[in-house]
There are 4 protein chains.
Amino acid sequence: MTGTTPATDALDLAEAGAVLAAEAARFAALGWMRGTSGNLSLVLSRDPLRLAVTASGRDKGELTASDVVLTDGEGAAVGPGRPSAEAALHARVARLTGAGAVVHVHTVASVVMGRRSPEGIPFEGLEMLKGLGHPTHEVAVTLPVIANSQDMTELGDRLEAALTPGMPAVVVAGHGIYVWGADPREARHRAEVVEWLLELAAAGG
Amino acid sequence: MTGTTPATDALDLAEAGAVLAAEAARFAALGWMRGTSGNLSLVLSRDPLRLAVTASGRDKGELTASDVVLTDGEGAAVGPGRPSAEAALHARVARLTGAGAVVHVHTVASVVMGRRSPEGIPFEGLEMLKGLGHPTHEVAVTLPVIANSQDMTELGDRLEAALTPGMPAVVVAGHGIYVWGADPREARHRAEVVEWLLELAAAGG
Amino acid sequence: MTGTTPATDALDLAEAGAVLAAEAARFAALGWMRGTSGNLSLVLSRDPLRLAVTASGRDKGELTASDVVLTDGEGAAVGPGRPSAEAALHARVARLTGAGAVVHVHTVASVVMGRRSPEGIPFEGLEMLKGLGHPTHEVAVTLPVIANSQDMTELGDRLEAALTPGMPAVVVAGHGIYVWGADPREARHRAEVVEWLLELAAAGG
Amino acid sequence: MTGTTPATDALDLAEAGAVLAAEAARFAALGWMRGTSGNLSLVLSRDPLRLAVTASGRDKGELTASDVVLTDGEGAAVGPGRPSAEAALHARVARLTGAGAVVHVHTVASVVMGRRSPEGIPFEGLEMLKGLGHPTHEVAVTLPVIANSQDMTELGDRLEAALTPGMPAVVVAGHGIYVWGADPREARHRAEVVEWLLELAAAGG
């Protein structure tokens, strides 16, 4: 934790925990974090890279500000608590994309479409694509689909290879979606847009 | 702002902002304003035409009374704030139809049906059509579908050409719906009816 | 209002209005009363027959205890306020079936299934049928479907002809469902069961 | 009630009632306990086996801490109140599996899939299976489907014969699901996972 005092870090972590708990409660209410699935993260510092990641195995609709773990740039715990194994993927997304926040949720539509379009899910001519930063609906983009793995290095390699300009998201087949943004609010808005697109595609639209 | 004092206008705008924030929160809760999509407007005066339009780029479930912009009859800002580019279309709907409120939301069913029925979506023999002002279910009406555009003049021309008596709504293909009424409550009720009809059609009913 | 004092009636009506407002808010939250659609009623007295019926044209999620009209056994207003035209059908259901409460809502699944099965919607071997009073799932029942009409006498005649033992509900094609029970809670529970059955059937189950 | 004092039992039962009421309100809000359907239970003691089971015939979104019945290991009432007939099945699940809590809900997707796959519903390669205790998504499991019966001994025999390692749940055809866990929270999380899997399967995913 070079360059920051423990006290400041502790405060940041609790603040981040409160933000992530509120975000998780929203996603849980949408049915995107059933059981104890999914996890959210927020970048606390860039140099060194430190993330607040939601604690593993908790009900995502009932998190409190303390249900959060501080991790390093590899997703390993720095201090108390056990992060999700997927913290390593959150950290890698933050390193690769510069994102300040990462959302990982398990939605039915993402699994339906990952199975139906394992080579990637094409979207074209949709106004909603502007919600991912495109200036017009007149674009054609592909939401990448990568195979699942319990090995976070392998999964991260697949995610890195699949990264697509103009698409701040990846579907993990049989699993769910990763979506990222500059901060938790942008990551949430983009997650909502990506899920809307997936529900449209699943409905045959 | 001929004929009204700035103070009155300021008050009206804040009141309108509070009304639109409450309306937007309802639509957001229904999942019709995912990301930061959609926008709502309310006519403040007719001569000259002045509208309160929701501010661009905000989470539509978190608007406050001040997240609103005053525009003229062309949808250009009058005073501080940046309206959505689509404010021009809201203003045009108000001019063309005499509506006092316009709802624009992004629903999955509207995009599904706009793709399936690009020439217009027919509805016949449905009691719910009475919610659009028809005295009986024994009517046949068509919900127009127009092509999308980022040029609001072009989009407005298409909307004007598509206006259909007895149908206070238009589907913009690949985009969403515009629905209007005398005031925000009537516009909301009609939006609910139009979306109900679209969900019925999307379900094959 | 033979046999009751005006004061008592006034009280009963306000109490009934509060109950119906609470019930309507539940159904509205489920999306079964979009726009201002649907109406609910409660029998206040049997001899003479008097019903409290929700007022016409109001948002069913925003009713107050005073948004209710007192009607006679034909559904005509007794005192101030305008009941829905469908009050006559509520009153007829109360006369025909002895029900103490009637629920009329517009659900997408009922219109989908009314179109798919215009001769009646069969259900067999479902545990949920016990929620309509059957002692076992080993029954086969049909939910009647009748043609819609704006003439409440005609619609009532069709409903009377369609009444089926063991099925406290009727689908009106292109319109919605009528469901009844001894009191508002039983009517609500049965409406939930009937809608569950319709959603199952619409899903091909 | 060997080994415990009546006072302690009474307290435990009220506490259990409060927990079950809160759990039931969650499931009711999800639409999984329509009408008065479904029931929940919690094991109060193992020797002798005593369960708190939700009272029969109540609205599951409106339970209070006292809407609960104490039953023995056969599901028969110990003290006041009438448990659901299905209490016998809850008790049998607790005996057979060692579960501390059992969830029984009526979901549309479970009935759809029970009809479509009467020999059992296969799931393979899904991350969500980790929510049922599997260490990886690389497993193939089957959610058993058993025929319905009003005879709880017969239904229990079928459930016992269908019990599958790694699958703390059974679908009762035409009826709903039973899901269990060490405590009400784990049972809830597993019920959410099982329903997610069923919704995925029903969506063709």
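Even glycines carry a Cβ here, placed using N, Cα and C.
Curation does not apply to TrEMBL; its annotations are automatic.
The structure displayed is predicted, hence computed values, not measured ones.
Its Cβ taken as reference, B:HIS106 (Zn(2+) binding site) is surrounded by 25 other Cβ atoms within 10 Å in the chains shown. The Zn(2+) binding site annotation in TrEMBL covers B:HIS104, B:HIS106.
Look at TrEMBL and you will find B:18-202 tagged as domain 'Class II aldolase/adducin N-terminal'.
Summarising the environment of B:HIS104 (Zn(2+) binding site), the number of other Cβ atoms within 10 Å of its Cβ, over all protein chains shown, is 28.
In the three-state DSSP reading, B:HIS106 (Zn(2+) binding site) counts as coil. Within the model, the domain 'Class II aldolase/adducin N-terminal' (B:18-202) carries an average pLDDT of 97.
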